[in-house]
Amino acid sequence: MIPSSSALLILLLRSSRKPITFPSISSTTPFLFQSLATQTSKLPHDDDDHHHHGRGMPNDEYFAAIHHISNIVRRDFYMERTLQKMQINVTSELVYRVLRSCGKCGIESFRFFNWARNQPRYEPTTIEFEELIKTLGRTRNWETMWKVAEQMKKQEFSLTPETFSMIIESYGKHGLVDRAVEVFNRMKNFNCSQTTQVYNALLYALCEVKNFEGAYALIRRMIRKGGVPDKSTFAILVNGWCSAGKLREAQEFLEEMSRKGYNPPVRGRDLLIDGLLNAGYLESAKELVRKMTKEGFLPDIETFNSLLQAICNTGEVDFCIDLFHDVCRLGLCPDISTYKIMIPAVSKLGQIDEAFRLLHRSIEDGHKPFPSLYAPILKALFRRGQFDDAFSFFSDMKAQGHPPNRPVYTMLIRMCGRGGRFVEAANYLVEMTELNLSPKAQSFDVVTDGLKNCGKHDLAKRIEQLEISLRGV
């Protein structure tokens with residue numbers, strides 16, 4: 001039995017009526033929305049999305065209904081009239097999810113929210129107001145956004161620092177730093193505190209227009225007011241200085257903050273490396289890492305992985321290999337992301353021995369091989385014509401690693417086809433189906449055509465029958 005504190009959301013188009021045709025939305029099948037019990041006093045978190053919503057409608061049907069309503073909001077010129085005909089019992093959860101789904105449609109979201117507010121038994125909560133404000137800010141409908149904010153204020157709702165941060169950052173992304181400062185100063189009118197997150201948003205806006213003097217003054221004000229800089233505070237300003245080619249200023253800032261007792265949550269050199277990478281100064285970042293390792297210092301693993309990825313993207317894989325071994329000798333422990341960067345890079349260049357060394361090291365470190373780790377090695381073996389070695393290696397990985405996925409099997413079938421190994425390709429095709437993985441039509445074509453060309457007509461016929469049984473054609 002549904003608790004009395006729950007509201008019943010009825011999304012049911014009565015069968016006595018003709019199906020409604022919505023502009024720009026396919027109406028070949030009438031939508032049937034079943035009843036749904038849902039708590040309106042508290043919106044579910046994203047972590048709860050895999051549960052049934054209430055007791056009347058399972059997950060898939062619930063989100064199909066949300067998706068349909070969202071499409072009406074985005075596309076229907078006569079949105080309000082169409083929604084009114086649907087007999088929707090509007091709840092906070094419904095409004096919130098539709099607003100979030102229409103995050104790129106500012107005015108349309110505003111119209112939907114106004115329509116919802118005119119529905120009986122619906123009273124908006126802070127969550128819907130803030131979601132709408134975020135959407136209007138992202139879509140640069142700032143005048144409408146402030147009207148909604150004033151409506152919140154009249155209803156004695158409070159805007160959170162997170163929402164103000166988004167608004168300030170939105171102005172900053174479009175170079176409207178004066179507006180961003182104005183919002184920062186108006187926060188007291190909404191009884192909202194200026195948190196570190198808010199300071200960081202304004203800091204970002206100032207750095208976007210390269211007003212570093214103002215950004216530095218803002219950090220001093222933040223400290224004077226009792227605020228505590230966090231990793232983002234340091235990273236925003238360091239990234240800004242590095243993007244402007246002011247590495248010396250970034251270093252001096254970090255040293256000064258350290259002297260004042262405000263040590264960044266990560267080491268200053270890591271912030272500098274990240275800043276140089278974000279600004280595109282790869283050679284400077286490499287030089288800084290070389291200097292660090294010569295002095296016996298190590299970057300943190302996230303910074304190291306970012307550097308590896310940037311260098312591998314330029315094709316300097318040998319430098320990455322040497323750097324990897326250097327930092328490992330100094331005591332850096334690679335994580336799974338390190339191997340996901342290195343193994344595909346060395347495999348692509350045909351350095352199979354090095355790829356195997358990295359894979360075995362990852363296994364020794366306790367990482368069970370993912371398909372994304374061993375698939376590049378398989379592909380490299382195929383390209384060198386080492387088919388038997390590839391087949392043997394794949395068998396080992398099936399036993400030791402995570403189960404192969406559809407892309408791995410598709411690649412195996414394609415590479416076997418290129419090498420004329422059509423019987424093995426057929427075996428992998430059958431193996432896929434036994435694992436409930438659906439082969440692509442192209443994979444069936446490669447195998448059947450290849451088997452026929454090499455005289456294996458009986459096996460080709462069996463593969464064709466398998467495709468028919470799977471696809472029902």
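Residue positions begin at 1 at the first shown residue.
Each residue, glycine too, has its Cβ placed from N, Cα and C.
In TrEMBL, annotation is done automatically, which means it is predicted and not curated.
Here is what TrEMBL says about this protein:
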type: REPEAT; residues: 160-194; note: repeat 'PPR'
type: REPEAT; residues: 195-229; note: repeat 'PPR'
type: REPEAT; residues: 230-264; note: repeat 'PPR'
type: REPEAT; residues: 265-299; note: repeat 'PPR'
type: REPEAT; residues: 300-334; note: repeat 'PPR'
type: REPEAT; residues: 335-369; note: repeat 'PPR'
type: REPEAT; residues: 370-404; note: repeat 'PPR'
type: REPEAT; residues: 405-439; note: repeat 'PPR'
* Restricting attention to the repeat 'PPR' (335-369), give the mean pLDDT. => 92
* Asked: Counting only residues 6+ away from its ends, which parts of the chain sit with a Cβ under 8 Å from the repeat 'PPR' (195-229)?
  -> 161-162, 164-166, 168-169, 171-173, 175-177, 180-181, 184, 187, 236-237, 239-241, 244, 246, 249, 253, 257, 260, 262, 264
* To do: Go ahead and report the DSSP secondary structure tallies for the repeat 'PPR' (300-334): helix first, then strand, then coil.
  => 26 helix, 0 strand, 9 coil
